[in-house]
Amino acid sequence: MYRYSDFDAAFVAERNRQFRQQVERRIDGSLTEDEFKPLRLMNGLYLQLHAYMLRVAVPYGTLSAAQMRQLAYIAERWDKGYGHFTTRQNIQYNWPELRDVPDILDALAEVQMHAIQTSGNTIRNVTADHFAGAAADEIADPRPVAELIRQWSTDHPEFQSMPRKFKVAVTGSPHDRAVIAAHDIGLRIVERDGARGYEVLVGGGLGRTPMIGKVITDFLPQADLLPYLEAIVSVWNLIGRRDNKYKARIKITVHEHGIDEIRRLVDARFAELRPAFSGVDQQMLAAIEAQFATPPLRDASTDGYDLAYAKDPVFRSWADTNLTAHRDPDHAIVQISLKAHGATPGDASAEQMRVMADLAERHGHGELRVSHEQNIVLPHVHKSDLPLIHATLQQHKLATANIGLISDIIACPGMDYCALATARSIPIAQEIATRFDELKLEHEIGDLKIKISGCINACGHHHVGHIGILGLDRAGVENYQITLGGDHTETAALGARTGPGFPAEGIVGAVETIVNTYLEIRESREETFIETFRRTGMAPFKAALYPEKEAARDAA
Amino acid sequence: MPRKFTPKVVTANALLEGDVVYLAEDDSWIRDLKRAEVITDEAVAQIRLIDASSRQSEVVGVYLADVVETEHGPEPTHFREDFRRTGPSNHFHGKQAAEV
């Protein structure tokens, strides 16, 4: 894992010192809210419905055991004993008081963490594949380059006041687990003729106007990355629309100018910038890469795992659902579900955080990941340790065997917390998960991603959910629109609306109708929901959801 | 025709705690909607809003929220205001916990 240099530590300490003074000046009346708001946002502090919210960056979703323990300590010392892991691989605290925030930031700095650029019109925390460094299909670990981008973008003087926020995601695998097509810039590490480079997507994004990112170059040599990124961001920084916040993101710029024109402008800017990058960035990348070396993997028997797998059906179900192939066949990638049926997606109590930190330390080389799907990952676990890990998780409500299933729902905080929300998300997720647990159907249903947002900003990724749910305010009542057919992977697609929305009391029933339709019309158990949808299209689902309307149309 | 003025309360978030507050008749900021001053006159509402907005060292984000008057005091007309005066639905935190 990356460790702060003296420069990093001094930079964070100085920012924390500044922010402490800014808070003091706000409290003593020397700063107005208009003056203070951009300063607090630069440090991740929002004011939400019921309280302040502090968004802490988890760079590319990677945490050490010590960092996870400190997050638990912060949750207990200054919050209400829990934290919320988000779809941008960060953690949010929902209840800090203004006076305490400087102390929280100092506590974060003790474990080399901060909340800088988790808000505002800046380049935000770079996200990455949560299986980075462990996945069997990986070409290269995306985290070193994500760290390089973080260092380049943090406090970058040209990019502190852009038309809007800017998000970058990186994957090192052909299978996209980082939703790169839904980011302002998506990077995929590729190899060509033995040389490493990047496929670069630009102009993806969800929100009010969802767009799938377009390929601006299919092979960018590794050494050209930073000047090329700088060229993209600086082109957009100049021509991106500042007249209308809703048209300011680069997806609109790409849409309005066309990808060919954007490519031309970026290439021209790149030609100017390239000579300024002397190669220091590549020396830095090499030094960062050394810090992400694979931990020494243990060579031991997996008999204990095989025996538990054969004898214990509960363990077997968990292993089948929550484990992913590691590139070392004696190891596994463990996903710890933060989606116990009826619980809030992404919430973890301080106690649970400590349990996960302890497990990582004892059995996982001290490493954890936060997935954009709001679960926690132990990336390098020897299979012989899995029965013990499972038993420990069971004692702390962390052993739910539902990764990738219908109850593994992404949900934004929605109107239970968020000042922007138009409806609640969390109770809908809780009800759907509880309902399908009662039906004992979710393993039968198989791979199905439900993603819920409580407003059109789409933090819950609803556009790319197999079933997407969007909560809206319709004449003072919560109403939920459904989209079907979204895809968050390398075959990224935006879902299509089924038709009119459903009231809160009707949304679980509507999801059940969709799922029952799928179970009736799938060709076999092997045909997943998304495959069935692609084969049949919307028609059978629409007919089931709106029987009266469809019948009337048939009669006409 | 201008829309008929509907009853309002002045609401905001407290600067230090960040929680929801309402303006009472005696100009104090209170945590309980039931004791908030209900304003039925548009001109009065605007003056109360301007005065409250100037109290920057106490509160953030002052605005007028619709209420209906009932025998139990003012009640929110919109679900957002109902959540603000209660707390989140997934954890027993916020105002609902303070009442116990």
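Using the three backbone atoms N, Cα and C, a Cβ is placed for every residue, glycine included.
Residues or ranges marked as domain 'Nitrite/Sulfite reductase ferredoxin-like' by TrEMBL: A:52-111, A:345-395. The domain 'Nitrite/sulphite reductase 4Fe-4S' annotation in TrEMBL covers A:119-271, A:408-545.
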Integer mean pLDDT for the domain 'Nitrite/sulphite reductase 4Fe-4S' (A:119-271): 97
For the domain 'Nitrite/Sulfite reductase ferredoxin-like' (A:52-111), the number of residues DSSP places in helix, strand and coil: 30 helix, 15 strand, 15 coil
DSSP-assigned states of the domain 'Nitrite/sulphite reductase 4Fe-4S' (A:408-545) in counts, ordered helix, strand, coil: 57 helix, 28 strand, 53 coil
